[in-house]
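Enquirer: What TrEMBL shows for this protein is this:
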{"type": "DOMAIN", "residues": "19-169", "note": "domain 'GTP cyclohydrolase II'"}
{"type": "BINDING", "residues": "Arg52, Met53, His54, Ser55, Glu56, Gln73, Glu94, Gly95, Arg96, Thr116, Thr151, Lys156", "note": "GTP binding site"}
{"type": "BINDING", "residues": "Cys57, Cys68, Cys70", "note": "Zn(2+) binding site"}
{"type": "ACT_SITE", "residues": "Asp128", "note": "active site, proton acceptor"}
{"type": "ACT_SITE", "residues": "Arg130", "note": "active site, nucleophile"}
Amino acid sequence: MPVRTRVTVPLEFADGYQTTAEVITFTGLADGKEHLALALGSCADGDVPLVRMHSECMTGDVFGSQRCDCGPQLREAVERIATTGGYLLYLRQEGRGIGLYAKLDAYALQDLGMDTYEANRALGHGDDERDYTAAAQMLDALGARSIDLLTNNPDKSSQLRDLGVEVRSVRPTGVHASAANVRYLQAKVSHTQHTIDLGVGVGLASAS
Ligand SMILES: Nc1nc2c(ncn2[C@@H]2O[C@H](COP(=O)(O)OP(=O)(O)OP(=O)(O)O)[C@@H](O)[C@H]2O)c(=O)[nH]1
Ligand SMILES: [Zn+2]
């Protein structure tokens, strides 16, 4: 699974944080999507890279939506990986794999009282349609056979291990709770066993 292009991109976030990423593209990924890898920090030969598999969320990543925790998780991941050395895989799996329009349909159903998983099912989708085969191919192309994985989602480490990636450790992300997303985070904890400690959530007090 060859790397197609590597290009250096200087990054500056809204809060002024700056770093440099090597943005990497691939050919022949299993699902034919244009997934990106960002190499951040420095990883010497033999070091185990810190990896985040970030699923695309246009509303959260681009527009700063408060309905989810994607924007702050992305910002956190870039800095942690730049400090440690590793890869951010930006996966084109909008809406947990159901697509942007369907995610917004699901938001409309959540506004009528469904939780995030019930809304997916009401639309005829699975709870989570993401498959990490392409991510495993990207890691293989990068020579990352053993990784430390930044996630609260047990399905990500489980799928990667089944795909032959050695996940040496799983590191939780910070808790980015707010009044607007706490119900969504609670659903992730109760339904898919995410390791999010909502008792210590940043901003949780304002949600109660
Ligand atoms: N269908 C649907 N997708 C959502 C909703 N809220 C967020 N998403 C999508 O969920 C994905 C976010 O996934 P991740 O940031 O990987 O979060 P996660 O699976 O909880 O795992 P970690 O953050 O690694 O713990 C993005 O693709 C979002 O677009 C929702 O209410 N419905
Ligand atoms: Zn989001």
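Just so you know, glycine gets a Cβ as well, placed from its N, Cα and C.
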Enquirer: Relative to the Cα of His54 (GTP binding site), which of the recorded positions Cys68, Cys70, Asp128, Arg130 has the closest Cα?
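Expert: Out of the listed candidates, the nearest Cα belongs to Cys70.
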Enquirer: How many Å separate the Cα atoms of the residue listed as 'active site, nucleophile' and Glu56 (GTP binding site)?
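Expert: Answer for this pair: 11 Å between alpha carbons.
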Enquirer: Out of Cys57, Cys68, Cys70, Asp128, give those recorded positions positioned within 10 angstroms of Arg96 (GTP binding site), comparing C-alpha atoms, in sequence order.
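Expert: Passing the 10 Å Cα cut: Cys57, Asp128.
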Enquirer: Using the recorded Zn(2+) site (Cys57, Cys68, Cys70) as reference, state which further residues of the same chain have their Cβ within 8 Å of the centre of those residues' Cβ atoms, listed in sequence order.
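Expert: Going along the sequence, the neighbours appear as Ser55, Thr59, Gly60, Asp61, Ser65, Arg67, Asp69, Gly71, Gln73.
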Enquirer: For the binding-site residues Arg52, Cys68, Cys70, Arg96, which sit with their CB under 6 angstroms from an atom of ligand 1?
Expert: Cys68, Cys70, Arg96
Enquirer: List, in residue order, those recorded positions out of Cys57, Cys68, Cys70, Asp128, Thr151 with a Cβ under 6 Å from any atom belonging to ligand 2.
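Expert: What lies within reach of ligand 2, judged by Cβ under 6 Å, is Cys57, Cys68, Cys70.
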Enquirer: Tell me the coarse DSSP state (helix, strand, coil) of Glu56 (GTP binding site).
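Expert: Note: Glu56 (GTP binding site) is coil by DSSP, not helix or strand.
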Enquirer: Which whole-number value in Å describes the distance between the Cα atoms of Glu56 (GTP binding site) and Cys68 (Zn(2+) binding site)?
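Expert: For Glu56 (GTP binding site) versus Cys68 (Zn(2+) binding site), the Cα atoms are 12 Å apart.
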